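Feature annotations, reproduced from Swiss-Prot:
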{"type": "BINDING", "residues": "16-21, 32-38, Gly63, 119-122, 149-150", "note": "GTP binding site"}
{"type": "BINDING", "residues": "Thr38", "note": "Mg(2+) binding site"}
{"type": "LIPID", "residues": "Cys181", "note": "S-farnesyl cysteine"}
{"type": "MOD_RES", "residues": "Cys181", "note": "cysteine methyl ester"}
{"type": "MOTIF", "residues": "35-43", "note": "motif 'Effector region'"}
Amino acid sequence: MPLVRYRKVAILGYRSVGKTSLAHQFVEGEFLEGYDPTVENTYSKTVTLGKDEFHLHLVDTAGQDEYSILPYSLIIGVHGYVLVYSVNSLRSFQIVKNLYQKLHEGHGKTRLSVLLVGNKADLSPEREVQAVEGKKLAESWGAMFMESSARDNQLTQDVFIKVIQEIARVENSYGRQDRRCYLM
């Protein structure tokens, strides 16, 4: 019988970058056409990786900006983060830098389990952020990077598989993440 591990993952980013679309595509297997701003939603899905099962609890947040204050509910008890920007919005890329800084400070400047995602790769002709810029930013954080398209279901499953792998990588390099001390 496989070991079941619970993982809480917060999805953060500027408004209209496709956070809800990524989560919905992953869990429900369909793209949401209309845009209805999210206040906060949760999604759950169980994923099997190797011999282990992971019960993912996804927290789909409202769009943040540089003035947003991250609540402690997005710091305490969260195992990993998917920071999302839109490849056709330089502003969303700048906001994701601020969000990472706030998370980093909220966690006491310890290493975080973060996956940086350039979403809306299907809008590449309107691109304002090159993939190399996303990769460079993620490397500066010691994080993983990928691009995806919730609309085309391009690498949507991989986003959440990679964040599970990133959580394991960080836990293995620093010991169990849930043993950390949180500063409030």
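Just so it is clear, glycine is given a Cβ too, placed from its N, Cα and C backbone atoms.
Features as recorded by Swiss-Prot, highlighted on the structure.
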residue: Ser16; record: GTP binding site; DSSP (3 states): coil
residue: Leu32; record: GTP binding site; DSSP (3 states): coil
residue: Thr38; record: GTP binding site; DSSP (3 states): coil
residue: Lys120; record: GTP binding site; DSSP (3 states): coil
residue: Ser149; record: GTP binding site; DSSP (3 states): strand
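Looking only at other Cβ atoms within 10 Å, the busiest spot among the binding-site residues Ser16, Thr38, Ser149 turns out to be Ser149.
Of all the Cβ atoms in the protein chains shown, 29 others lie within 10 Å of the Cβ of Lys19 (GTP binding site).
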